[in-house]
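**Student:** Right, I'll just put the structure down here and ask away after.
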Amino acid sequence: MTTTIPPIPTDLQDERLRADTGMGGAIRAGIDRIRGGDLGFLPVIAGLAIIWTIFQILNPYFLSSGNLTNLLMESAPVGVIALGIVFVLLVGEIDLSVGSVSGLAAAIMAINFIDNRWPLPLAIAAAVGVAVLIGFAYGFIYNRIGVPSFVITLSGLLGFLGLQLFVLGPKGTINLPFDSPLVHFGQLAFVPQWLAYALVALAAAAVLVGGLLRARIRRNAGLSAPALSLTLIRAGLLAALLTFAVWYLYQARGVGWMVVFFVALVLLANYALTRTSWGRSLFAVGGNREAARRSGIRITAVYTTAFIACTTLAAVGGLLAAGRLASAAQSSGGGDVNLNAIAAAVIGGTSLFGGRGSAFAALLGILVIQSISSGLTLLNLDSSIRYMVTGAVVLIAVSLDAVARRSRSSHGRA
Amino acid sequence: MNATTATDTAAAPDGARPNLHTVLSLRGISKSFGAVAALTDIDLDVSSSEVVAIVGDNGAGKSTLVKVLSGVHAPDSGTIDFGGERVTLPTPMAALERGIATVFQDLALCDNLDVVQNLFLGRERRPFQLDEVGMEVRAWELLRQLSAKIPSVRIPIASLSGGQRQTVAIARSLLGDPKLIILDEPTAALGVAQTAEVLNLVERLRERGHGVILISHNMEDVKAVADRVVVLRLGRNNGEFRVGDVTTEEIISAITGATDNAVSRRRSRGDTASPTTHTITTEDAER
């Protein structure tokens, strides 16, 4: 395409490097990555496709606009909790108490909002504030006393469940009025169709402009940059996919604000993880704690902030769930919320061993979990089957991670 | 044991060495852990563009000395003059800010991060909007200066060879433009070719004017790149040699404590062990 032969970019001058330029190069590099065990999101997307196909065959209502709309709304609360789990998994720790913390947050919000007649924002702030304190306490106990996070959060699982019951008192359930903004947000607030299309256009434009700008900065610095065609194709594909999704979902009620909120949180978390030094330090601590310490990173602060991020997002997820159910009950955050959140992060490709993962893991993982749940519900299979199937899927996902890790180490890709 | 200038040493690869001066000067450094005197009255001088090898048996105090210099341990007594100033090195950060960079034996790299991410770990540019391009450009500059053979800076450390990892670790120590670089056993786990690469790297550090302290067990490596050899034994100075006029046997006997016998015997005989001298010259010729 170019008329003059440009100088070889700084990062491609080694003669051992195969020059992967243009479209063919991108595809070749992608195949190489997969063979090297760097599967990325391929397994979870493939898994999602298989699950959707099977359930669609078993029940033709499964892929209908109405069900998918519901599925997305159901995904948001636990998805937000799963997003928090990604942070602690990245530093190689675990939080088993997210379910209890989400339930506790719902209880605190409800008791203050309904019984104490606080304004809703204040009630929400109180709930989130308690979650921040819990995360801080986890970090303190972990750093100063050296209790493994598994044990700390297992105690938290029990302790905060107890506190949730205590806060709720003998009533056990507090209903939220249907006209409250939180319930409206959790059940009824849908993005107007034109705005949904506008958001799609915005997303595609952001990918395109961002890609072009980055390419120009890299080229000016004498580094290689992805071809223009590649950026165009990425933006185009994204636009086509999202436009189709929006069109299909608006056959029914469309896209809820809660879903948009969840996706926005995922994007924000992705930025924090990949483009800030804090995110970098999470990966570093998860990869090699000692190396991170010697690099001058304050690893105690990294652990504490990871725990705080997790408990805070758990509380936010709990509040969304309360809005969705229009109540805070003794069972809020109980049952399978805990394990679904952790399973979603792991299914999405976040390693349980630290140092590998992505914010998008929560998004894709929760879609898998909720698809299984929704599909089995449509088949009138009760929760016994659902637990077993979800358990099997988690096992498959972790096995895939283990196999991929072996392949990565033999191909030298950490 | 005077401060030695490096001008007259055998290994002067380019001849051009501007502004030779003493970078580091230790006097009477002692450090005890409880009843154990790990270091007693250690003197050490390093000047710019000089490679000083510190050798010694296990327990000789090499690691303790490195830790004193890198700010991990504070000495019980003695003085540290660095860059013409009397300094204390209370923390690793303080040592780093003074311009003493240490590459520890286990390298301390994150396998899951790529070369650029490792180089800038803990000191990323623009913490809230990482300057990936700027950091990548700087990484290439640094690696080019070291003539490092790393195909791409966007591959995880896990896919690099041992020598390449050592190169990355050394390059990282250079980011703050230190005056003194301490390499702890840089060739311990490396193959023949990779060892040669790291030794080349050490020579390049010297050419660039850095003072280098090289901790090593490998006499061949020491004789190949060092200008002077400082022997520690049981926490004390046990001899200091110019690499040009010492044999491996003499160093080894100083390390093992047989130095008095060997040196006295040699002096009384008044001759040197010619076969080893021969080896040195061939090594020098190879370089």
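Backbone N, Cα and C define each Cβ position, glycine as well.
Okay, these came from TrEMBL:
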type	residues	note
TRANSMEM	A:39-59	transmembrane segment
TRANSMEM	A:71-91	transmembrane segment
TRANSMEM	A:96-114	transmembrane segment
TRANSMEM	A:120-142	transmembrane segment
TRANSMEM	A:149-168	transmembrane segment
TRANSMEM	A:194-215	transmembrane segment
TRANSMEM	A:227-249	transmembrane segment
TRANSMEM	A:255-273	transmembrane segment
TRANSMEM	A:301-325	transmembrane segment
TRANSMEM	A:337-353	transmembrane segment
TRANSMEM	A:360-379	transmembrane segment
TRANSMEM	A:385-404	transmembrane segment
**Student:** Could you tell me what the rest of the chain brings near the transmembrane segment (A:385-404), counting residues at least six beyond its ends with Cβ under 8 Å?
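**Tutor:** Answer is 37-39, 43-44, 47, 336, 339-340, 343, 346-347, 349, 351-352, 368-369, 372-373, 376-377.
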**Student:** Between A:96-114, A:149-168, A:227-249, A:337-353, who has the most Cβ pairs under 8 Å to the transmembrane segment (A:360-379)?
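**Tutor:** Going through each listed stretch, the top one turns out to be A:337-353.
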**Student:** Among A:120-142, A:149-168, A:255-273, which stretch has the most Cβ pairs under 8 Å to the transmembrane segment (A:71-91)?
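**Tutor:** The stretch with the most close Cβ contacts to the transmembrane segment (A:71-91) is A:255-273.
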**Student:** With contact taken as 3 or more Cβ pairs under 8 angstroms (pairs 6 or more apart in sequence), are the transmembrane segment (A:301-325) and the transmembrane segment (A:96-114) in contact?
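**Tutor:** Counting Cβ pairs under 8 Å (6 or more apart in sequence), the transmembrane segment (A:301-325) reaches the transmembrane segment (A:96-114), since there are 3 or more.
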**Student:** Other than its close neighbours in sequence, what residues sit by the transmembrane segment (A:120-142), given a CB gap under 8 Å and a spacing of at least six beyond its ends?
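**Tutor:** Same-chain contacts beyond the ends: 93, 95, 97, 101, 104-106, 108-110, 112-113, 148-149, 152-153, 156, 160, 180-182, 300, 303-312, 314-316, 318-319.
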**Student:** Given a Cβ distance threshold of under 8 angstroms, which distant residues of the chain, six or more beyond its ends, lie next to the transmembrane segment (A:337-353)?
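**Tutor:** Tertiary neighbours of the transmembrane segment (A:337-353) are 39-41, 43-44, 47, 78-79, 81-86, 89-90, 92, 94, 96-100, 102-103, 157, 314, 317, 321, 360-366, 368-369, 390, 393-394, 397-398, 401, 405.
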